[in-house]
Amino acid sequence: MWKETLGVFPLAVAHVVNYQISERLIYRLALPYICATTGLFQSSQSIQDGLSRDLAKILQKPVVLGSHPLDTTLKPLLGDKVETSMDLVLKRTTRVLFNVSVSFSLQIIDLVLFEIVKFGNSVSRSMDWAFTLMVLVFLLTYLIPSLMLFMTTFKLPLLARLTNLISVRNRGIVFVLIFVCWVVIFRAFNVLATSATQAAEYSQFFSSSLMELTLLGVACLATLNGMGSISSLFYLLLKKHRVVKKTGIARSVETLHTTDALLTTRTEQLEQEPSNSDLKNELKALNQIKRELLQDIAGLVSNYKSQQFATTIQGQVSKVGKLGFALYCLYKIINIMFIKLPVIYLEQFELKAAKPDTQTADTLSVTIAKLIARFYNTTYDTDRLATNVSFVFSIFLFFCSFQSVVITFHKFGKLLPFKSQSSSLTRSWFFFDLVVCELTGVYLLSTTFLLHTQLLSTELPDFDHDTSFVDVWFDKCFGLGCVVSGVGLVVSEQIEKFYRDDDYLDASVYDEEALLENRGKLS
C-alpha cells in the first residue's frame with residue numbers, strides 16, 4: 001500500500017508543474033505573444049501606435065494618428081462600463097478552464113512518456129490515467145463546448161436582446177439549459193461514431209465519450225485541413241492584390257485625420273449636452289468608421305510591406321517555399337477529393353467491390369512509412385505507420401495554413417448576423433482561450449488514441465487494430481472542409497466585389513512576378 005501511496009507523489013508533482021506551465025508560460029506569455037504577432041484582439045490604440053511607426057517609415061515623415069476617443073473621454077460619456085460583472089465571471093471561468101484543460105493535456109503526455117520508460121508505480125499511473133482522462137474528456141466533450149455556445153448567444157441579435165434582460169444569476173440557468181441540450185446533441189453523435197464496425201471493438205478499451213471525442217478531434221483537424229488547403233491555394237495563387245502606392249496611403253491618412261477632427265468636435269459638444277442621444281449615436285457611428293479606417297490603413301500598409309519584401313532575395317526564397325506548400329495543398333485536394341472519396345462512396349453504395357487490403361493513407365505518407373520501416377527497426381506495420389505519418393502531415397498542414405484559415409474565418413464572420421457590442425473584444429478574447437484549450441486537448445487525445453491503440457495491439461493479440469475507419473472519417477471531413485471553404489470564399493468575394501468602391505475596382509492589380517522583374521513601379 002505504501003508503494004502505491006508513494007507512487008502518487010511524483011504524479012501529483014507533475015500535475016502542479018503542468019498547471020504552473022499552463023498558467024505562467026502559456027496563458028500569460030505564449031497566448032499574448034501569438035495575439036500580438038498575428039494582430040488578434042488588438043485595441044484601436046495599439047493598432048494606431050503600430051501604424052504610426054510604419055507610416056512614418058513609409059511616408060518618411062512623422063505621422064500622429066491621435067488617441068482613440070472611445071478609450072479616453074468618450075467611453076465614460078457614453079455610459080458603458082469598462083468591465084461588466086458578466087465579463088468578470090467569464091474571465092475567471094475561462095482562465096480556470098484553460099489552465100485545467102491544458103495542464104491535464106500535458107499530464108496525458110507525461111503519462112505516455114512515463115509508460116514508455118516505466119517510471120513510477122504502474123498502479124499509480126493507471127489511477128492517474130483514469131482520473132486525468134475522465135476530467136479531460138468531461139471538460140472537452142461537455143463543459144467547454146457548452147460555455148462556447150453560451151458565449152455565442154451574446155453575439156446573435158435576437159438572443160442577445162433576450163439575454164441582456166436576464167440577470168447574471170439567472171444566466172447561470174440559461175447555461176445549464178444549454179449544457180443539457182449540448183449533452184443530448186453530443187450523445188446523438190454516438191450513433192455516428194459507433195456506426196463503423198471497428199468502433200465497437202475500440203469501445204471495449206475506451207469509453208464511448210473518449211471515442212466520440214477522438215473522432216471529433218479527427219473531424220476538426222480534417223475540416224480545418226480542408227479549409228486550409230483551399231484557403232492557401234486561393235490566397236497564394238488566385239487572390240490578386242492591388243498595387244499600393246504611397247499617395248493612396250497618404251489619402252487614407254488624411255481621411256482618418258478628418259474623421260478624428262469630427263470626433264473631437266462631437267465629443268466636445270457631448271460634454272456640453274451629456275443627455276443628447278443623437279450625439280451619442282453619431283459618436284458611436286463615427287467611432288466605428290474610424291476603426292474601419294484604421295483596419296483599411298493597416299491592410300494597405302501590410303500590402304505595401306509585402307510588395308517591398310517581394311523584391312528582396314528573402315522574398316523570392318519565401319515565394320518558392322509558398323509555391324511548394326501550395327503544390328502540396330493541391331496534391332492533397334486532388335488525392336482526396338478526386339481519387340479517394342469517389343472510391344469510398346462507390347464502395348459505400350455498393351457500386352464497386354471493396355478491396356480487402358486497400359491502403360487508405362495517401363501515397364506520400366505510404367512512401368515515407370516504407371522508408372521508415374526499411375531504415376529503422378520498428379514493430380509497427382506499414383499501414384499503421386502510414387496512418388500516423390498522415391496524421392503528422394495533417395498537423396503540419398494546419399499550422400502552415402493557420403493564417404489563411406484565420407483570414408477565411410474572418411471573412412465568414414462578416415457574413416454572419418453577429419451583434420457588435422462594446423464588450424465584444426473582451427469576450428472574443430475569452431472565446432479564443434476556450435478554442436485554444438479545446439483544440440489542444442482534442443488534438444492531443446486524438447494523437448494519443450492512435451498511438452495507444454498500437455501499444456494495446458502489441459500486448460493484446462486479440463485486439464483488432466485496423467484504423468482504416470479513421471482515415472475514411474478524415475477524408476470525408478476533409479472533403480467537407482474543402483466544399484464549405486470553397487463555397488464560402490466564392491460567396492464572400494462576390495459580396496465584397498459588390499460593395500467595393502469604384503476606386504478599388506479601377507486600381508491596378510499587382511503580381512509578385514511583375515514586382516520581381518521591376519515592372520511594378522511604386523511611387
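Backbone N, Cα and C define each Cβ position, glycine as well.
Remember, predicted model here, so these are calculated numbers, not experimental data.
According to TrEMBL:
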type	residues	note
TRANSMEM	96-117	transmembrane segment
TRANSMEM	129-151	transmembrane segment
TRANSMEM	172-193	transmembrane segment
DOMAIN	205-270	domain 'Golgi pH regulator conserved'
TRANSMEM	213-238	transmembrane segment
DOMAIN	309-493	domain 'Abscisic acid G-protein coupled receptor-like'
TRANSMEM	325-346	transmembrane segment
TRANSMEM	389-409	transmembrane segment
TRANSMEM	430-452	transmembrane segment
TRANSMEM	472-491	transmembrane segment
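With a cut-off of 8 Å between Cβ atoms, the residues of this chain six or more beyond the transmembrane segment (325-346) that come close are 225, 228-230, 232-233, 236-237, 352, 360, 362-364, 397, 400-401, 472, 475-476, 478-479, 482. Across the domain 'Golgi pH regulator conserved' (205-270), the model assigns an average pLDDT of 79. Counting residue by residue with DSSP, the domain 'Golgi pH regulator conserved' (205-270) contains 56 helix, 2 strand, 8 coil.
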